[in-house]
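Presented below is the structure to which this report refers.
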Amino acid sequence: MTTPEAVAIGRAAGSGSGRWGGGMLAAVLLLLLLLAAGPGRAGAGRARRDALREELLLSPLPAGDVAATFQFRTRWDADLQRGAVSHYRLFPKALGQLVAALGVRELHLALTQGFWRTRAWGQPPLQAPAGAELWVWFQPTVTDVDKAWKELSNILSGIFCASLNFIDSTNTVTPTASFKPLGLANGTDHHLLRYAVLPREVVCTENLTPWKKLLPCGSKAGLAVLLKAERLFHSSYHSQAVHIRPICRDASCLAVSWELRQTLTVVFDTFSSGQGKKDWSLFKMFSRTLTDACPLASQSKVYVDISPKNKEKELLEVTPPPTSVHEAIVQGDKRTYAVYDLLSPSLFNTSRSLNVQLKWKRPQDSSELPTPILHAQRYVSGYGLQTGEISTLIYNTHPYRAFPVILLETVPWYLRLYVHTLTIITKGKENKPSYIHYQPAQDRRRPHLLEMLIQLPANSVTKITIQFERALLKWTEYTPDPNHGFYVSSSVLSALVPSVIAMKDVDVEQSPLFTSLFPSSDGSSYFVRLYTEPLLVNLPTPDFSMPYNVICLTCTVVAVCYGSFYNLLTRTFHVEEPSRGGLAKRLANVIRKFRGVPPL
Amino acid sequence: MAAPLVLVVLVAVTVRAALYRSSLAAFISERVEVASPLNAWKRVVEGLALLDLGVSPYSGAIFHETPLIIYLFHFLIEYAELVFMITDVLTAVALYLAIQDFNKVVFKKQKLLIELDKYAPDVAELIQTPMEMHYIPLKVALFYLLNPYTVMSCVAKSTCAINNTVIAFFILATIKGSAFLSAVFLALATYQSLYPLTLFAPALLYLLQRQFIPIKLRSKSFWLYTMQYAALYLCSLVVIICLSFFLLNSWDFIPSVYGFILSVPDLTPNIGLFWYFFAEMFEHFSLFFVCVFQINVFFYTIPLAIKLKEHPVFFMFVQIAIISIFKSYPTVGDIALYMAFLPVWSHLYRFLRNIFILSCVLIVCSLLFPVLWHLWIYAGSANSNFYYAITLTFNIGQILLISDYFYAFLRREYYLTHGLHLTRQDGTEAMLVLNCAFHCDLSHQLWAVQEELKKVSELIPGLHLWPRRSSDHKLTVTASWRCLLLWRFPLHCFDQ
């Protein structure tokens, strides 16, 4: 029994039998096997209602690093919202029930360690800000969005072992323009959207394991074999994400299918770990090789980016020879991919495992890095702990096209932004944003939200600065390491970048997965979402060892006032009474009395 | 008299104009001692910018000015420097006129009392002469306009200057005896910063005195006048608040201004006592102490009203000082207002006990504020405790200064009625001491215990532990026991 159905049924039974005893397990297994032999086979004749596609994209980056992007897409032709779903096959039950119970229309969760250096690495297929990012569109039927959001973040926190339960009103915003639904949506009432970033979140193995468990094959077969934690976290950038969205079931779009994409991007620094050579192989990077496709997958492919950098002949060679070569236009750039189809039987004929290798024929001078059309950087300036300034530089390197970009800044309340100090300067002139949405922070309740639509002229740098004041917090509001500083989450740039090359309309179902998460509006531009660096800002701190002293000292000062005034208010002046002498004099008199000497 | 005042005004305006043009202006306006979250100019500009963006200025935690300030600066934002100079000049002129009038009243009252022979015969040197009093109004204006605190407050464009102007006009209206204007300006001052609410009592006392209405709780005319004044005050307050409501068409300003003043959420360091106390406070006691500290500001009004019912202007001075010490976001501008009154009490100078030390403390603290701030915030070589320590010292200095003035005032009043040269029963020079009504200081208690033991010893014949006193002490044993009980409250016998 090695057919996909059997594995699936085994999984289903396995997941269902968790709380039952061993005897029950055997009985149920038998029952399920019988069921599988009967109507299940007959059902297989009909169109399969769910499908898994897995895909690995390996792309050498200009600076010599290698980015590996895994995508696992589970598509299910069922409406989760109707609540009629009780039998889960490929779609993880935990997420499916979550979507159904909380009225989630779209869910995007990313856990990232490191920062994608757009300038050196080029446009990422899927970037995410450092830390944890969660944005969710709720169904219009959800009445209390905040409650659902709170509940959702707590459940996700449990599922992914991440500190998403720290998402509360102080770091949640409702952007008005930056985040549009990626899937099927009628109406974009942004009150149904919630967006939060936890820039301090550290991503590690404990987040990867539950993520892998959501995969239909786990990490036992298929591409997921490569996901070995000790290699994945020994990298410059690690980002794992879960995207759930409703999509059209077919071209006519009469019914809804649900899509779950699990993506994982990792950047290896092969240049420094490979003794100055940029050659790499799957084994070198992951210390594993591929042996088979996931038996449940309807498609399992490895893409290697072999696009010639210049018009010269190819400088690199990949072994073993690819099953096919695919050409696509990705992010305004013509790319060539060597494709290994793990489901094609010819691939594993010669050797039992697939270890894709890439060799450079001659050393490539990496002096001229192609700069991406849109990139940005952000930093905090100023000295001292009283005020400061956040500066964002947005570069448009397109030679002749201007395009608008939406900038979203979420700044925690303890940096008090002064929106009147906002300046946007392009080429020495003030650049007035055509749309601005500002929601000022409220102390201990909500963060600042600043959204702007800025026009970037061709070949320009736009500098956006805003001043802030650092607040002194209560001593219990500081993090355990207060002098480390406080993180400010990345700002988000969303833009439709004009493409240099005209893009063809391609069938989404057939094209590689990495091209199809963001819908491109037309042939002439493509959607890019960039995240800038998170910021680390120091705040003034009180002395944490002082609470008792401060309470005592301040109360003493108040008591000094109270005491003086009490005296002056309640007492009156009197002529001094005849002195009876002090205590010493009286003691002396007592002694004198005993001695029989007259008193003083 | 007008010429020197004009000269003072000209000098003050020149100093301010020069400072506005200098590089110091930016430095001063960033100082936390000068600009608190409640009245910083930066926040006014921010509020107007928010309004321009179509966002309610009160939706954030930055802007805490009243709607009338928005309305004022909506038109005058371009002339802000001029506005602040004018408000300072207006404050000084109002104080000048008020004190001029007050001096006349003081002089008349003094003359009357001398004629009625209410003063002791040997107090000639305590009587204020017209010569002394002549320059007091000018000195008041000078103290206000050229006080470095006022100058800095004006250069930083802290809206505290506007509050001071309103309070100065309120004082002027009160002293001139206009109950209506007094109530209106008091309502305006309350609306601006809430705490001037406590000035209701001194104003009422002054107006009653001016109307020759005896302050007796049984008296019908007293209650009638009080009701009239209170009604005027409340009506104007309601009108102003409704006006603010119609300006922005929302009640958001109430929590954002008064809630902010009362609950102290912004812990930006300032010269007051609140910021570090609540930064270090245990979470579950926070509300309790907020209540205690806020009640503390309003607490002194009634006892002061009882004690100082004959001297409402001095009461007003003490009350303004208490507000400026204990308000939640004090700035040096608030201090400048009560310091302007110090020349009025220059006749108390001979009774002040430690004015030299206290003025040194205040000056040194004022100089140390920026130094320790720099060490904490910029150099990183000190921590928050340094700045906190200096705020404590500064506040102690202010408290002792005010209580010293209060002490001197009471002492002078005593001398005026009892004569300057007090003698004991045996004819020797006597010392004046402050004793509480129950004679409850420590020596008296010891004396009471001694008396008690003496009675016991009388029961046992032949035992003579204590020397017999022939003089009958006026202290009774029952009273002393009451004192003992009271003395258990440690502040009761705070050593003066």
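Cβ atoms here come from the backbone N, Cα and C positions, even for glycine.
In TrEMBL this protein carries:
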type     : residues  : note
SIGNAL   : B:1-17    : signal peptide
TRANSMEM : B:68-99   : transmembrane segment
TRANSMEM : B:166-187 : transmembrane segment
TRANSMEM : B:193-209 : transmembrane segment
TRANSMEM : B:230-251 : transmembrane segment
TRANSMEM : B:257-278 : transmembrane segment
TRANSMEM : B:285-306 : transmembrane segment
TRANSMEM : B:351-373 : transmembrane segment
TRANSMEM : B:385-407 : transmembrane segment
Here the stretch out of B:230-251, B:257-278, B:351-373, B:385-407 with the most C-beta pairs under 8 Å to the transmembrane segment (B:166-187) is B:230-251
For the signal peptide (B:1-17), sequence-distant contacts whose Cβ falls under 8 Å of one of its Cβ atoms, 6 or more beyond its ends: 81, 84-85, 88-89, 92-93, 96, 137-138, 141-142, 145-146, 151, 154-155
Go through the chain and flag residues at least 6 beyond the ends of the transmembrane segment (B:385-407) whose CB is under 8 A from any CB in it; none is fine as an answer. 269-273, 276, 317-318, 321-322, 324-325, 335, 338, 342, 345, 348, 351-355, 358-359, 361-362, 365-366, 368-369, 372-373, 375-376, 434, 496
Recorded stretch that, among B:68-99, B:230-251, B:285-306, has the most CB pairs under 8 Å to the transmembrane segment (B:257-278): B:285-306
